[in-house]
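Colleague: The structure that follows is given in the form of structure tokens.
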Amino acid sequence: MQSWSRVYCTLAKRGHFNRIAHGLQGVSAVPLRTYADQPIDADVTVIGSGPGGYVAAIKAAQLGFKTVCIEKNETLGGTCLNVGCIPSKALLNNSHYYHMAHGKDFASRGIEMSEVRLNLEKMMEQKSNAVKALTGGIAHLFKQNKVVRVNGYGKITGKNQVTATKADGSTEVINTKNILIATGSEVTPFPGITIDEDTVVSSTGALSLKKVPEKMVVIGAGVIGVELGSVWQRLGADVTAVELLGHVGGIGIDMEVSKNFQRILQKQGFKFKLNTKVIGATKKSDGNIDVSIEAASGGKAEVITCDVLLVCIGRRPFTQNLGLEELGIELDPRGRIPVNTRFQTKIPNIYAIGDVVAGPMLAHKAEDEGIICVEGMAGGAVHIDYNCVPSVIYTHPEVAWVGKSEEQLKEEGIEYKVGKFPFAANSRAKTNADTDGMVKILGQKSTDRVLGAHIIGPGAGEMINEAALALEYGASCEDIARVCHAHPTLSEAFREANLAASFGKAINF
């Protein structure tokens with residue numbers, strides 16, 4: 001549990017931020033800049049309006065800083081809102097409904113439908129409307145918080161200067177006390193394979209296909225690969241994912257959960273070729289694509305033919321033409337911007353957060369860094385425990401985890417205990433006829449402290465936040481087990497798993 005000294009410290013910091021906010025000058029009332037000869041003066045200039053950038057800009061303005069946010073695209077929100085998290089979740093949700101209606105699921109619930117048809121155009125329209133509403137929402141929040149928005153490509157042209165260049169070549173200069181780089185990431189290209197966003201697509205193109213592929217090959221069975229692959233598999237495509245690693249779900253996933261996840265996806269019709277590498281891809285005259293693969297350890301090559309090839313081998317930091325070289329800021333071997341614990345680069349008033357720095361490329365991680373970074377600019381404490389940052393795969397069932405996996409605990413030599421509870425024994429999952437998966441809790445053997453939580457099943461993405469809170473506050477498995485959970489709810493499975501971890505036995509299993 002949180003100590004009283006930590007509570008007092010937190011309250012003191014809040015008071016410190018309030019005093020700073022009242023002491024600073026008011027922010028600009030101009031929500032959108034047009035291009036002019038007169039430079040803008042700012043306290044904080046944020047380059048990029050993705051989850052990290054726009055949240056940091058709003059927080060900076062709320063703390064009393066005169067804040068500018070530069071965005072090269074017409075809409076705010078970055079990759080996440082425009083061609084990432086948000087549109088993909090719309091398609092994941094709606095394709096799941098279609099799959100339930102088109103298969104035997106609805107019939108088993110007493111819902112009989114004579115004909116179920118897919119209107120892909122309408123599904124894409126709903127996705128686009130969700131994106132439009134949310135990106136417009138950020139613009140409204142900027143106006144509400146008096147964040148000055150500048151359209152253009154931001155480049156750092158001096159220690160205290162950023163120049164935004166518009167598509168027509170016109171420029172705007174911002175003289176600023178602090179600069180925050182939040183330019184995000186871009187799709188990692190596959191050597192020898194050219195993405196045309198038509199038949200050879202990245203995650204961006206996979207969100208806007210004009211028709212359901214007959215056969216789709218996905219290079220990579222990590223988070224993005226299985227999410228987008230499952231969308232098109234549910235809508236009727238024959239989908240095969242080729243993965244260099246020996247498991248699905250990417251780095252960080254617990255291996256027991258990964259095996260269960262693969263089994264469930266295969267039961268749904270998703271195919272996998274693990275421990276397999278892609279050698280190349282060739283477009284044929286009939287429009288199809290031959291994908292050459294072989295075992296990761298080497299061996300005889302095999303060819304898989306598809307009409308759509310989806311490349312999902314990860315993302316890389318986007319730092320092109322930011323002016324870093326001229327400032328003497330060198331990137332690390334993975335193309336990331338080195339920063340200290342306060343997110344400062346080697347130039348103290350130039351900061352970087354999100355996908356351009358080390359750590360998982362997650363929207364919520366970038367948001368946290370953005371808030372804490374600008375609080376640091378205002379003189380506050382800066383601390384993030386990356387062990388408490390959750391990860392979610394938004395398939396059905398969902399997969400989510402936070403903290404350590406069994407593999408990590410074994411590698412670190414930490415003695416631990418395990419508590420599990422299957423959704424098949426959860427009353428709400430039973431009534432919903434959605435019982436695949438389990439909750440798995442890892443606790444420290446000597447102290448009972450929660451070290452990790454791994455969930456596969458309905459509502460995993462929502463439930464994992466309870467685990468993140470427990471980790472952040474240093475809760476024990478018993479602490480969670482003694483919290484009364486509403487009945488009947490899926491989250492009772494989380495309590496039961498903690499009962500199993502702390503006392504050696506769950507109640508309902």
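Glycine residues also receive a Cβ, built from the backbone N, Cα and C atoms like all the rest.
Below are the features I grabbed from Swiss-Prot:
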TRANSIT   1-35  transit peptide
MOD_RES   Lys66  N6-succinyllysine
MOD_RES   Lys66  N6-acetyllysine
BINDING   71-80, Lys89, Gly154, 183-185, Asp355, 361-364  FAD binding site
DISULFID  Cys80-Cys85  disulfide bond
MOD_RES   Lys104  N6-succinyllysine
MOD_RES   Lys122  N6-acetyllysine
MOD_RES   Lys132  N6-acetyllysine
MOD_RES   Lys132  N6-succinyllysine
MOD_RES   Lys159  N6-succinyllysine
BINDING   Gly220, Ala221, Gly222, Val223, Ile224, Gly225, Val226, Glu227, Glu243, Val278, Gly314  NAD(+) binding site
MOD_RES   Ser285  phosphoserine
MOD_RES   Ser297  phosphoserine
MOD_RES   Lys410  N6-succinyllysine
MOD_RES   Ser502  phosphoserine
MOD_RES   Lys505  N6-acetyllysine
Colleague: List only the single closest residue to Gly220 (NAD(+) binding site), chosen from the recorded positions Glu74, Thr183, Ser285, Ala363, Lys410 by CA-CA distance.
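Modeller: Closest candidate to Gly220 (NAD(+) binding site), judged by Cα separation, is Ala363.
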Colleague: Within a 10 Å radius around the Cβ, which one of these binding-site residues has the most neighbouring Cβ atoms: Glu71, Glu74, Glu243, Asp355?
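Modeller: Of the binding-site residues Glu71, Glu74, Glu243, Asp355, the highest Cβ count within 10 Å belongs to Asp355.
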Colleague: Translate the DSSP assignment of Cys80 (FAD binding site) into the three-state scheme.
Modeller: helix
Colleague: Quick one: what's DSSP say for Glu74 (FAD binding site), helix, strand or coil?
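Modeller: The residue in question, Glu74 (FAD binding site), is coil (DSSP, three-state).
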Colleague: So of all those modified residues, Lys132, Lys159, Ser285, Ser297, which one's Cα sits nearest to Lys410 (N6-succinyllysine)?
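Modeller: Going through Lys132, Lys159, Ser285, Ser297 one by one, the Cα closest to that of Lys410 (N6-succinyllysine) is Ser297.
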Colleague: Using a 10 Å cut-off, grab the number of neighbouring Cβ atoms around the Cβ of Lys132 (N6-acetyllysine), all chains included.
Modeller: 13
Colleague: Give me the Cα-Cα distance between Lys505 (N6-acetyllysine) and Gly222 (NAD(+) binding site), rounded to a whole Å.
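Modeller: So the Cα of Gly222 (NAD(+) binding site) lies 33 Å away from that of Lys505 (N6-acetyllysine).
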Colleague: Run through the Cβ atoms and count how many others sit within 10 Å of the one on Gly220 (NAD(+) binding site).
Modeller: 26
Colleague: Neighbour count, 10 Å Cβ-Cβ cut-off, for Lys505 (N6-acetyllysine): what number do you get?
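Modeller: There are 10 such Cβ atoms around Lys505 (N6-acetyllysine).
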